[in-house]
Amino acid sequence: MKTCNLTDRMEVKMIMLLFQILAISTLKSDSADIPEGYIQENVALRGRATQSAQLRGDHSGIAHASNAIDGNRDSVFYHGSCTHTEADKPWWRVDLLQVYTITSVTITNRGDCCEERISGARILIGKHLENNGINNPQCSVIGPMAAGETKTFRCPQPMIGRYVTVYLPKAESLHLCEVEVNVLFPAPC
């Protein structure tokens, strides 16, 4: 039985990165399975969220950007676990606070209204905040989603980034009930 006795933090980080790359390269593009010896983790829970503009009016107090990374997939906006922006090319972004190799992003759509609004939104991943992260490379485009549906969007290849942005390039409000940023890590020794 092997034990983990590495003490040099940089060496450990480099080995973890190499394991992530190796694990990701063995995934089939249509496979939802996690390779043996690895765990998938939602790193968005550790992040900080922001959005272009928060909904104004009677329900503005429950429309915070951070609601989409609270770990709660409740899709009823009025329960206080969804975001809601104003209209006109809105965006929502999570700062993961460090760079990760990201394999996919899971989105939970609003379930009590307006499920069609999310269609056409782009998931962007990168290391830059230029244009609020909208200039970062694209992982996927969100197609039609059912009310309250949770769907995983796999990037064509693993993407390295600190910022994950959901951008809706039209004059419509954006609401997200959960955003999960999926990263593979070697299972603990």
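Just so you know, glycine gets a Cβ as well, placed from its N, Cα and C.
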(request) Name the residue, out of His84, His128, that Swiss-Prot lists for the same alpha-L-fucose site as Arg110, Arg117, please. (result) His84
(message) Need one number for the alpha-L-fucose-binding residues His84, Arg110, Arg117: the maximum pairwise CA distance in Å, whole number please.
(response) 11
(request) List, in sequence order, those recorded positions among Asn72, Cys114, Cys139, Cys155, Cys177, Glu178 whose Cα sits within 10 Å of the Cα of His84 (alpha-L-fucose binding site). (result) Cys177
(message) Cβ atoms within 10 Å, counted per site: which of Asn67, Asn72, Ser81 has the most, among these binding-site residues?
(response) Asn67
(request) Give the distance between the Cα atoms of Asn67 (Ca(2+) binding site) and Cys113 (disulfide bond), rounded to the nearest whole Å. (result) 17
(message) Over the span of the region 'F5/8 type C-like' (40-188), how high is the average pLDDT in this prediction?
(response) 93
(message) If you count, for each of the recorded positions Cys155, Cys177, the other Cβ atoms lying within 10 Å of its Cβ, which residue has the minimum?
(response) Cys155
